[in-house]
Amino acid sequence: MKTLAVLGATGSIGASALDVVARHPDKYRVGVLAAHRSVDALADLCARFHPALAVIADPACERDLRERLRERGVASRVEAGAQALVEAAAGAHCDTVVAAIVGAAGLESTLAAARAGKRLLLANKEAVVMAGGLLATALRDGGGSLLPLDSEHNAVFQCLPREDADLDAVGVKRILLTASGGPFRGRSAAELAAITPEQACAHPNWRMGRKISVDSATLMNKGLEVIEAHHLFRAPAERIDVVVHPQSIVHSLVEYADGSVLAQLGNPDMRTAIAYALAWPERIDAGVGALDLVKIARLDFEAPDLATFRCLALAYRALAAGGAATIVLNAANEEAVAAFLDGRLPFLAIAETIERCLADAPGGTPGDLAAILDADLTARRHAQRMIAALSA
Ligand code: NAD
Ligand code: MG
């Protein structure tokens, strides 16, 4: 029996994870549920899964959550605030943590889970982009394990012979991440100028939170995933390639020295990756329908258009620059995407904001969490000034 903390329980990944968990009450129970400020949604989940602990990150929502739970006769203890989240991730109410908070907000709880030796099911890619080195150290010190939930990294993990594989030792030449290309694949920059948030969030293959949906539309999602793959598989950037595959059936591939290329295929449904990570090294039912290759009929592949979708090229640039550049990339992207979703910034200015912030990125590598958070905050302030200038 595994006992889970689902951090980001009210989001898209949280919902998929809880759907898989509910199919296997003999294997998994929920010890902690956490969300930002969606009190009603969190209270509903608590009434369904009865966690020992419910955490609401925004302290202003604490009293509301307590009331909702009391009304429903749910006995879960309630805690609030960012520190409560970190303590829950490392605490006694879970042995497995689903890190499904969006953005830098998930960094500290992800690191805390790793340090505490939990089995870490990681969706929160921004944490890896900001602090991949620190996360690796925390995992080593804590003695826990990391299983990627991001479908591409989950696919790569499945195509590698061993969980801790050194790529050279097992004959891996190259990691090939697939990208759907997002809702605007094939469009020119001129056609992207007037894109609205609703258009950007209408992904053809996946239903996801709004931030990652915009990231998919700009291809920054793939850029973040290249950096994520670099850290998770200890792969240099030149051995991580991206290929656009609009059907989202091949979730990623690994190329070996002998010319073999292994791929993981499946319907575009995050529950497959989640079930794999939950049960690994075993396999369990995920509730996902069988893949019908005859119905799909064809799988297409093309090169990404880096000139139009500049965010992917910017992510490679940040990875090559090293130091604080990937922190700046992530912070500028989070600020620019939030401004775009608010109607304060045009779609194409997301890449522009990030490019300007990267050009001003400080040298030196932040060595600890405090330095990383400081670099993140400085980059966000800088990005805010760029956004104000670009939206004027
Ligand atoms: P979402 O917006 O649907 O959900 C985000 C969750 O995080 C919510 O439960 C929200 O309450 C919580 N949250 C937000 N800010 C918080 C804060 N400050 N403190 C505590 N909790 C906070 O997002 P999502 O689509 O589920 O994505 C979550 C993460 O998973 C992201 O990092 C995303 O890149 C990654 N991911 C998502 C998918 C997908 O299919 N949705 C696929 C791969 C990776
Ligand atoms: Mg992905």
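Using the three backbone atoms N, Cα and C, a Cβ is placed for every residue, glycine included.
Unlike curated records, TrEMBL annotations are generated automatically.
The domain '1-deoxy-D-xylulose 5-phosphate reductoisomerase N-terminal' annotation in TrEMBL covers 4-132. Secondary structure counts, DSSP: the domain '1-deoxy-D-xylulose 5-phosphate reductoisomerase N-terminal' (4-132) has 65 helix, 28 strand, 36 coil.
The annotation NADPH binding site is assigned in TrEMBL to T10, G11, S12, I13, R37, N124, E126, G209. Around N124 (NADPH binding site), the C-beta neighbours below 8 angstroms that are at least 6 residues distant in the chain are G8, A99, A100, I101, V102, G103, G106, L107, T110.
For E152 (1-deoxy-D-xylulose 5-phosphate binding site), other Cβ atoms within 10 Å of its Cβ number 27. Annotation comment: TrEMBL describes K125, S151, E152, S180, H203, S216, N221, K222, E225 as 1-deoxy-D-xylulose 5-phosphate binding site.
TrEMBL lists 146-233 with the feature domain '1-deoxy-D-xylulose 5-phosphate reductoisomerase C-terminal'. Across the domain '1-deoxy-D-xylulose 5-phosphate reductoisomerase C-terminal' (146-233), the model assigns an average pLDDT of 95.
For D150, E152, E225, the entry in TrEMBL reads Mn(2+) binding site. D150 (Mn(2+) binding site) falls within neither a helix nor a strand when secondary structure is assigned with DSSP, and so counts as coil. Close to D150 (Mn(2+) binding site) in the fold, though at least 6 residues off in sequence, lie L122, A123, K125, E225, E228, A273, each with a CB less than 8 Å from its CB.
Here the domain 'DXP reductoisomerase C-terminal' (265-381) is broken down by DSSP into helix, strand and coil counts: 67 helix, 2 strand, 48 coil. The domain 'DXP reductoisomerase C-terminal' annotation in TrEMBL covers 265-381.
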Within the same chain, the residues at least 6 apart in sequence whose Cβ is under 8 angstroms from that of H203 (1-deoxy-D-xylulose 5-phosphate binding site) are S180, G182, P183, S213, S216, A217
Between the Cα atoms of E126 (NADPH binding site) and N221 (1-deoxy-D-xylulose 5-phosphate binding site), what distance do you get, rounded to the nearest Å? 10
Distance filter, Cβ under 6 Å of ligand 2; input binding-site residues N124, K125, D150, E152, G209; output D150, E152
As a whole number of Å, the Cα atom of R37 (NADPH binding site) is distant from the Cα atom of N221 (1-deoxy-D-xylulose 5-phosphate binding site) by 25
